[in-house]
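What TrEMBL records for this protein:
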type: COMPBIAS; residues: 15-25; note: compositional bias 'Basic and acidic residues'
type: DOMAIN; residues: 23-75; note: domain 'BZIP'
type: REGION; residues: 1-46; note: region 'Disordered'
């Protein structure tokens, strides 16, 4: 028999000898309390393992979320820069269009010409009111 086994079996016999002098009720209660404490320690250890696993999962999920936030922030910055470029181009084109319309007006080229391309800021088809057909009554 190995020394470890001997000590385990001897401690069990020591327990029996220790409890031999006690009355049966007290001995059973002490054994029950030890067993209950052992179950409590095992339950606590399992809970700790479960919580450690949950922490791992949550840290991984958090890392994924932070990565997505960083990616989205980068994409937003790119879109904002492109938007600024497009706004500047739109303002430049609007100014050029105004200048060309001023040139056309000042030279008199548009006088009597029905070409809508020479007056791009004018609507070639004026809005006509839509007549009610009477199908819908309010």
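Indices start at 1 and increase along the chain as displayed.
Positions of Cβ are set from backbone N, Cα and C atoms, glycine also.
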**Fill in**
Taken over the domain 'BZIP' (23-75), the predicted model's pLDDT averages 96
**Asked** Mind checking how the domain 'BZIP' (23-75) divides into helix, strand and coil residues in DSSP?
**Response** 52 helix, 0 strand, 1 coil
